[in-house]
2 protein chains.
Amino acid sequence: MMTKKRIAVDMDEVMADSIARFQEWYGRDFQLELTLEALHGKSAADAVAPEHQPALRAYPNAVGFFRDLPVIKDSQRVLQELAQRYEIFIATAAMEFPNSFLDKYQWLQRHFAFIPWPNYVFCGDKSIINADYLIDDNAYNFDNFRGEGLLFNAPHNAHETRYRRVHSWQEIAEILL
Amino acid sequence: MMTKKRIAVDMDEVMADSIARFQEWYGRDFQLELTLEALHGKSAADAVAPEHQPALRAYPNAVGFFRDLPVIKDSQRVLQELAQRYEIFIATAAMEFPNSFLDKYQWLQRHFAFIPWPNYVFCGDKSIINADYLIDDNAYNFDNFRGEGLLFNAPHNAHETRYRRVHSWQEIAEILL
């Protein structure tokens, strides 16, 4: 029997557009715009004035931050195709933000109902993930990962050069399908 | 450099005494006693009369079920010793009970503060866990696990014979230390 290879997929900025929420809340709280240019090579908190940074660092642990996030383009279609050929697990570093647990769980149920909940992993250190591929926007998650990392392009990781970069779900489809 | 071996540890009936909570709530709701004899070889729900089973199946997803559970004897002391020689991860099948997330997180912070939150894993299918050992009371979690399973003795798993059984944290200390 051929066993399927396994792909682990990060949520934020890979499946869910959390930058959109940072932009929305930053505009709401400070009447300022958080541009993609400002986010180049930086986390959202590091991209704003020092006096606004504590607020932005706190956003992801506010209940509701992860609720109703927009879905990243093509992620549903490509993951549905990948699920025919691979085992798909969701691996999100939710432990950093305990108030995000239910939002993330419900978001997955709503937008990726074809991935069953036994395949959700809320973790911290992703070296615990036993998979062949990890698609993630944070390169440090690949450092002790046993499989192959695919770095999902995001403004903050612009300067990262150590891992294979993918720019879209369409590009992932071309590599893995 | 020697890298530490990694032990993944289940929570319920291994670190946290969830049977105590089943007994407490069953007594509260039905004025009946749930004895360890009745639990021999059975889940809590299967150990009661058919008309009480839906209630018991719902208990673990009630907010508060996992709050303030008693700590299993010697688990703190032995895990603290193991943490000197091994990497310790907590691997709990929390996805089955989304309302348990915060209770479980806070319970770990309170009773096992020496295990950092990046080492918590809330999952479903434990074959995603990349570790050398898994200490768990459910044998099905070992079926696709890449490391060695140690079956923590519990009333419900009395008839399981496929895996090495450990009866106490003291016995785990003797094996792994």
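Any Cβ shown, glycine's included, is placed from N, Cα and C.
Record features, source TrEMBL:
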ACT_SITE  A:D10  active site, nucleophile
ACT_SITE  A:D12  active site, proton donor
Query raised in the report: Looking only at Cβ atoms, how many others are within 10 Å of the one on the residue listed as 'active site, nucleophile'?
Result: 20
**Report entry** Secondary structure at the residue listed as 'active site, proton donor', reduced by DSSP to three states
**Finding:** strand
